[in-house]
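Pulled from TrEMBL:
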- 16-52: domain 'ChsH2 rubredoxin-like zinc ribbon' (DOMAIN)
- 53-114: domain 'ChsH2 C-terminal OB-fold' (DOMAIN)
Amino acid sequence: MSKTPRLYSPYDAPLWESIQEGQMKLQRCRKTGAFYYPPGPVCPQSLSFDVEWAPVSGRGTILSWTVFHRQYLPAYPAPHLVVAVALEEGPIMIGYMDHASLPDLKLDKPVAMEYVEHPDGYRIPKFTLQ
């Protein structure tokens with residue numbers, strides 16, 4: 001276990017803190033009500049600074065996927081299944097799934113987010129088929 005230190009920007013620290021608590025939060029514009037990702041200083045639609053961190057359901061549908069057949073990081077052995085998911089709230093997130101799910105993947109298939117322990121000692125989101 002490498003215990004790589006986690007370095008966060010002022011914009012994504014609340015996101016990772018919410019993941020550690022087991023309920024992902026994303027930024028939401030108070031002016032439009034729209035969720036967005038990645039986090040930043042202003043809403044990308046309205047350019048308003050009036051934003052808040054709000055919980056998301058973690059539910060969504062598969063937009064795309066790919067399999068990495070080469071190991072790039074010690075904690076992610078090949079083959080490594082990576083998915084693009086459209087969350088119910090609107091944002092698109094990239095995450096991973098167990099490779100055993102590959103035969104059952106289909107576009108628009110429903111998924112849910114769960115939180116698993118990373119070998120370096122923190123939680124990360126992972127998608128599972130529903």
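Here the Cβ of each residue, glycine as well, is placed from N, Cα and C on the backbone.
The average pLDDT computed over the domain 'ChsH2 C-terminal OB-fold' (53-114) stands at 95. The residues of the domain 'ChsH2 rubredoxin-like zinc ribbon' (16-52), classed with DSSP into helix (H, G, I), strand (E, B) and coil, number 5 helix, 9 strand, 23 coil.
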